[in-house]
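Per TrEMBL, these features apply:
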COMPBIAS  24-40  compositional bias 'Polar residues'
DOMAIN    44-100  domain 'ZZ-type'
DOMAIN    102-154  domain 'SANT'
DOMAIN    105-150  domain 'Myb-like'
DOMAIN    107-154  domain 'HTH myb-type'
REGION    1-40  region 'Disordered'
Amino acid sequence: MGRSRGNFQADEDHSQRSRRKKNPSSGDNLESVTTGQGTTDGKRSLYHCNYCNKDISGRTRIKCAVCSDFDLCIECFSVGAEVHPHKSHHHYRVMDILAFPLICSDWNADEEMLLLEGIEMYGMGNWAEVGEHVGTKSKEACVDHFKDSYLDSPYFPLPDMTHVMGKNRMELLAMAKGNFTDKKG
């Protein structure tokens, strides 16, 4: 009688956000951010499923196109998992494993995307934050790579991609291992 049976939350649960953007200076426990929960060899995880909290770094994952910084593992996505504010009907992108070199041999495609995403998020010149966002490269490596591959490119503002045009993933991986032979000659 006049009461709603809806389940309303008084405040948003921030614990479900991806751990990728956590910053130790924000007052969080430094140890929990840097120990890389769910990883081996002491490296921190770049991506966690926002529903089951499983480490999904280096795996195909689902990225919500509506919710900011929201990733799901394939298993949770397949059963329609929802965590406030995410809804299962939201548009999404399948984020494939991009562990092959693209522009140069020591940066893989995933790292390139994280570099550009970090620059977009934190702004040009905030290299410490950009390096933290990439997760596998130092501030100096990010600056040097961006300068060499983007700013000094003959195709500025785009990187020189002529050496990879028309090649598939297997050919790119073979190039990285040094045993690639060009099909043209």
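Glycine is no exception: its Cβ is also placed from the backbone N, Cα and C atoms.
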Roughly where does the domain 'Myb-like' (105-150) sit in mean pLDDT, to the nearest integer?
93
Count up the helix, strand and coil residues in the domain 'ZZ-type' (44-100) according to DSSP, in that order.
5 helix, 12 strand, 40 coil
Taking DSSP states H, G and I as helix and E and B as strand, how many residues of the domain 'SANT' (102-154) are helix, strand and coil?
35 helix, 5 strand, 13 coil
